[in-house]
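Q: First the structure, then my questions, so here it is.
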């Protein structure tokens, strides 16, 4: 996380806008800002407060939607800005008549005042020496760095709320710019306009059938020009809808075919396109410029008096030098070598860097996890239900988290079959493009002149070995070792990929289509429709897009997103991928199911401390379980390099599925038995009708209910008849005292555990009296509880399995084992009483 914050800080420091030093207090305007008037001036009467609120609400709506008042914590400086309030009605009438109303409003003043207040607080929170230096010679870079560090990497971490999120900070009240794809367009060349091949996916209606991946399919690989030396960009065996349709006379490369699905048929009828703005996937321009000038062609710099420089004079490696290195003077061999090196520098090295960055084991796992968040799939759906918090609303950018509560993540369930697969595949393709462009943008910004000089020196030293490499693939691998070293790859992988939502990818999709001249509102085209499906039908400049599209198709099947395999009950959150099954799925992990059923059903309390204070108890809460569950990843049963679902494997998993907090199955089994015995005791020994709090069904038999509600003869049930003759106020008192006794007995019966739900208050109508055995059982259980607490004081506190706070599994196991041994020597075991009674 420190690397993420440092990367974010380094990113923002170079891209941050120019911030002036704190300005002096502005001259008094005709009316102060309503936000300052409302916060700094306390009204003396209620009418004044109402006038202030009304004037604040009647101000510019555009300013109120993105500028929020910041509470002024300074003492003297901020007091200078307090201005007396004046009525704003005359000013509003003047603004209505003014043609430049927006510029006459106080939006800019409020914004500058707010930013200066934040910056002043940042300087006050800094060290005294640093603050003095900044006051003497303030620097824009220093102010930007301090402002960014105080906002995004504060020295004191923000306070966390009960649900795990940070408390709202008014200083961060802005819409995150990283949620808009245009924010990345300033880092490098964002688009690459090129003619659309006729062999694109839109003209391949059977591509979805060819893209189906069976079990055992490995990760896709990238090609080279040595392997794919012929490119076909025609329709092939696809049959057009009109037999006499001439492609040369058409003004669009999209051809209406007989096998087109309904979406593609509508797309081809709506638009006529020949070119498309493909998102740029090249390496940073500074790196590519250094590579070209060092290995291939020098930059031409003609003098004013001279003409163009011949190409032979611009070549870095002349024919004579290349002939000496290759030990041959054959022109065909030399020309073929130049083509190989040029292809390796322009195409293959980019594909190798992309393959290295996106297909490592850790990166594939993170991509799968982010896709589970994006599509609310599998274990993320289960964690959201247990924690009662929508985890799919979280989005991030280089470690900066933001909760986007308006992002949608379930609309893909409205699509079926091929339409669903096309949408999911295109969304993952855009997500890979988004991730790669983010990495290239960070790399481009962090490059310095000394880095480029060091790269140029390294390439110049290895020039002969690169030109005399074995083949195109090995040359590209050697080039990637200089351009994209392992340390750089690991640094970028620590901060990427980011959490994203389908709404962000939809905005990205609209952004790409709009730059291509396609209106998304009337045309349901996808950017992946204009990418070829196979390498032999794709020109080399688009091989990177073809590779990402094939990788997106692999990830769709690898994460089990192609179809909806969920069901009802335990299969509501079922997912077949290795991230979920078998260790994070209730249908395949019995221990995890027992642990979920034990949430909020028990509590272990230690004896008081010597000072009389009670230590915090151990209680399995939904938040504790969710935190441990999200970290419950078993790498031994994860297959990142191929599609291998758990249900398709005959052998058992390498690691036995277990719970994530209470890892010992014996503890979970005994907690489950205690809970079950407690419920059976209430159903069999208690009198009356016990209703399920969720469904309202009767949990016990109907005989006791009928007997209690009927009017039996006096000789058959004298006590009950006598009870019915009691006054109404005594019957109400009797029922309330009975509920209290059952509730107290329920707590005593659980020993060290507490009840998760009170069956009496959850729908119980009880009558009658208790026998003397209930009092004896209650006293016996209370003594056992006190003895258990004294024994529990011998064990130290620790951390529970899975990272949750509480006691260790060994301490819990020892306590429950001692309690079980003591109960085995007692013939009238309390846990078995309900079974004998039933």
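Placement of Cβ uses the backbone N, Cα and C atoms for every residue, glycine included.
In case it helps, Swiss-Prot gives these features for our protein:
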COMPBIAS  18-35  compositional bias 'Pro residues'
COMPBIAS  52-65  compositional bias 'Low complexity'
COMPBIAS  701-710  compositional bias 'Low complexity'
COMPBIAS  737-746  compositional bias 'Basic and acidic residues'
COMPBIAS  770-787  compositional bias 'Basic and acidic residues'
COMPBIAS  813-829  compositional bias 'Low complexity'
DOMAIN    356-474  domain 'RRM'
MOD_RES   373  phosphotyrosine
MOD_RES   690  phosphotyrosine
REGION    1-102  region 'Disordered'
REGION    291-353  region 'Binding to host EIF4G'
REGION    693-838  region 'Disordered'
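Give me the local environment of each listed feature.
A: Other Cβ atoms within 10 Å of the Cβ of residue 373 (phosphotyrosine), summed over all protein chains shown, number 22.
Neighbours of residue 690 (phosphotyrosine), defined as other CB atoms within 10 A of its CB across all chains, total 23.
Confidence over the region 'Binding to host EIF4G' (291-353), given as mean pLDDT on the 0 to 100 scale, stands at 83.
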Q: I need the CA-to-CA distance for residue 690 (phosphotyrosine) versus residue 373 (phosphotyrosine), whole Å please.
A: 41
